[in-house]
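Student: As annotated in Swiss-Prot:
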COILED    341-387  coiled coil
COILED    397-429  coiled coil
DISULFID  C225-C228  disulfide bond
DISULFID  C393-C400  disulfide bond
CARBOHYD  N140  N-linked glycosylation site
CARBOHYD  N222  N-linked glycosylation site
CARBOHYD  N244  N-linked glycosylation site
CARBOHYD  N272  N-linked glycosylation site
CARBOHYD  N404  N-linked glycosylation site
REGION    376-392  region 'Immunosuppression'
MOTIF     225-228  motif 'CXXC'
MOTIF     393-401  motif 'CX6CC'
SIGNAL    1-20  signal peptide
TOPO_DOM  21-442  topological domain 'Extracellular'
TOPO_DOM  464-488  topological domain 'Cytoplasmic'
Amino acid sequence: MGKFLATLILFFQFCPLILGDYSPSCCTLTVGVSSYHSKPCNPAQPVCSWTLDLLALSADQALQPPCPNLVSYSSYHATYSLYLFPHWIKKPNRNGGGYYSASYSDPCSLKCPYLGCQSWTCPYTGAVSSPYWKFQQDVNFTQEVSHLNINLHFSKCGFSFSLLVDAPGYDPIWFLNTEPSQLPPTAPPLLSHSNLDHILEPSIPWKSKLLTLVQLTLQSTNYTCIVCIDRASLSTWHVLYSPNVSVPSPSSTPLLYPSLALPAPHLTLPFNWTHCFDPQIQAIVSSPCHNSLILPPFSLSPVPTLGSRSRRAVPVAVWLVSALAMGAGVAGRITGSMSLASGKSLLHEVDKDISQLTQAIVKNHKNLLKIAQYAAQNRRGLDLLFWEQGGLCKALQEQCCFLNITNSHVSILQERPPLENRVLTGWGLNWDLGLSQWAREALQTGITLVALLLLVILAGPCILRQLRHLPSRVRYPHYSLINPESSL
């Protein structure tokens, strides 16, 4: 038996190594400034899937475009089908006879060629059927109007791929990076019919930048402030920008109109600026000038200082209120005792009435039984008279009627205990002690007063101490928001 238990323990210790210890993980897809977590996937569950909104992807790519002056997906007047180009597969050169053609050089004449064209030939963008790798084993996708479903094998998580539009003359619009990661506690919200709301949950680099900025702000205030970050819509987001960096003229398409823009000419960040802010139109634009940083609204509040403790005498009002409370309790107890006494007498009278009603019902029941016996005798006599005609019922040509009188309800009524025994009065204790009614009530009142006195002696000091500290707790320090017009 001992050898069996030892073998079983060793098996459970090495079982995770044999079967594989796959912690919950996923594949994170990064587009521009936002990250999208796939459904749970690992080597044991190798399919990583996403459901993406093409308009949201365009907004992500526009905030941090890999190429200047790209035509966004939202600018199209019709829905075109897409091509998915994995970067771990080299495109075949079909020499102009198939899906991809090196002779079609118009898309490659752009200053920023198609993403991945450094190692590939340029893709063909004519009207063709399904792309070559739409149904590959490692990656496949389906497109439903403005929504995209991508399935990726976990072994290929860590590579990048491109999405292009099947329309001549349009630029590539999406460059997707993937990397393995752990599942977040809650998925970032993806709101439909909105271009930028999904970046309310920043990706991991954005969170680290925000924490670094908060750390820098606290250092500048000698850690005497509390930082509060508000979750709000993008219309209330703030922008921190450097007026020393010029914006190219004319500016590109406006992407975001913040509610507040703070210039920071003397602020040195531990990281680079991420976006381009145009002060003339008060908007984030698509130009790659990198002079601003988008932040959720946050406020600085002074840290409250602890006041000195002062010992005070207990106010007279506290003693007065305590005495009034004890007097009210004693008066209430006496009134309750008198009410209980009158209630007991009332129960006794009601019990007598119920007993008399029960006796009357029993007598009526006995009379009913005698009447039933008399009717049965008459029935038997009439049946003998009409014996030749088959009995009384056949002679009258009617259905025979019988009496069914039960004694169960009357017996239950007689067996019920007295009403005084069924209703709890006083404390619910059966203590007669050979005393009269008023003596028992006085004894209960005395025990109640002693219990209240012990409760006041035990809990009184604690209650008085809490009441003494109550005025100091009511006075809260005043918190003021950061001045929007002050320079950082």
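From the backbone N, Cα and C atoms, a Cβ is placed for every residue, glycine too.
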Student: Report the DSSP secondary-structure composition of the motif 'CX6CC' (393-401) as helix, strand and coil residue counts.
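Tutor: Reading the DSSP string over the motif 'CX6CC' (393-401) gives 4 helix, 0 strand, 5 coil.
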Student: How many other Cβ atoms are found within 10 Å of the Cβ atom of N140 (N-linked glycosylation site), counting all protein chains shown?
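Tutor: Taking all protein chains shown, N140 (N-linked glycosylation site) has 16 Cβ neighbours within 10 Å.
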Student: In sequence order, what residues of the same chain, 6+ apart, have a Cβ less than 8 Å from the Cβ of N244 (N-linked glycosylation site)?
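Tutor: Within the chain, N244 (N-linked glycosylation site) has Cβ neighbours under 8 Å at P265, N291.
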Student: Most Cβ neighbours within 10 Å: which of the recorded positions N272, C393, C400 is it?
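Tutor: Within the set of recorded positions, the most crowded position is C393.
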Student: Rounded to the nearest Å, what's the C-alpha distance separating N140 (N-linked glycosylation site) and C400 (disulfide bond)? Just drop the number here, would you?
Tutor: 86
Student: Run through the region 'Immunosuppression' (376-392) and tell me, per DSSP, how many residues are helix, strand and coil.
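Tutor: Taking the region 'Immunosuppression' (376-392) as a whole: 11 helix, 0 strand, 6 coil.
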Student: Give the distance between the Cα atoms of C393 (disulfide bond) and N272 (N-linked glycosylation site), rounded to the nearest whole Å.
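Tutor: Distance between the two Cα atoms comes out at 111 Å.
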Student: Can you work out the mean pLDDT of the predicted model over the region 'Immunosuppression' (376-392)?
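Tutor: Averaged over the region 'Immunosuppression' (376-392), per-residue pLDDT gives 80.
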Student: Rounded to a whole number, how many Å is the Cα of N272 (N-linked glycosylation site) away from the Cα of C400 (disulfide bond)?
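Tutor: The Cα atom of N272 (N-linked glycosylation site) is 106 Å away from the Cα atom of C400 (disulfide bond).
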